[in-house]
Amino acid sequence: MDKRNESSNTDLILLGLFPDMKHVNFLVCAILLIYTMALTSNSILILLIWVDSHLHMPMYFLLSQLALMDMTLISSIVPKMATDFFSGKRNISLVACGTQIFFFLTVGIAECTLITLMSYDRYVAICNPLRYTLIVSQKVCLQMAAISWAGGALTSLAHTAYAMHFPICGSREIPHFLCEIMSILKLACDDVSAYEKALVVTSIVVLLIPLSLIMSSYALIFLAVLHMKSPKGRDKALATCFSHLTVVCLYYGPAMVVYMRPSSYHNPRLDQVLFILDPILTPLLNPLIYSLRNKEVLGALRKVLTS
């Protein structure tokens, strides 16, 4: 009995997915279906890039890293949410909460970095095609992936450790289906206003600066496309740019709304909707966006299916 009381006094409580919503079980089942489809589609995309020599190019290597990040991101959220829902247990230990925050932030920041580097890859491919293989070499691709993962992990580690060190008092209930850094700060006893400002600064660095670099790259890309004489080359360049820009909107839109608002403007219901759109729905859409408009990926898929 003492151990149970001790656990209840130290653990946090996740209120789950829209606790006031009727028939939420249908939504949970839909999310589990999305999770299964996201894992399957991203795994297939990674497999195609791995086995087909025609896809052994920098763009597809970076795309495979994005697919791997998507699988990690959605897997850090959905299994725990589904387990809590079907088991009826809502508690989560501080260690497990900190671990979930760390993985979620690591992959989120890594994806923002990688998407920015992917825009640079498209810029070099379209604006400097003759020097593309020299500038974006295999070594450079590995460095891009390493920078994305390492940068995300180091930034996430600093924020997770600092956010979790605040003492928690009063209600230990989190109106969310996952441990999220802004929700944890609302439970802190200490004044966290200074840290919230630091979090906004980090959001500017992680979101706005990369987004401005992406927009700058595409401004130069569209200028180059306008000067292309070949309609076929222009259409191919625009197709790859459209896919990447769609992914940029899917990632940056919800993330900016979540992390660049003052804490007083946060609404639990809106936050949950945004977290369904960004880290749950986006991993399903990404492989579809890049595959359905890409003849090389579709060709590789047909080759595997017919072999």
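Each residue, glycine too, has its Cβ placed from N, Cα and C.
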Can you dig out which of the ranges 167-187, 272-292 TrEMBL describes as transmembrane segment?
-> 272-292
Spatial neighbours of the transmembrane segment (24-51) far in sequence, C-beta under 8 Å, 6+ residues away | 16-18, 60-61, 63-64, 67-68, 70-71, 74-75, 78-79, 81-82, 85-86, 276, 280-281, 283-284, 286-288, 290-291, 297, 300-301, 304
Check the domain 'G-protein coupled receptors family 1 profile' (41-290) for me and report the mean pLDDT.
-> 87
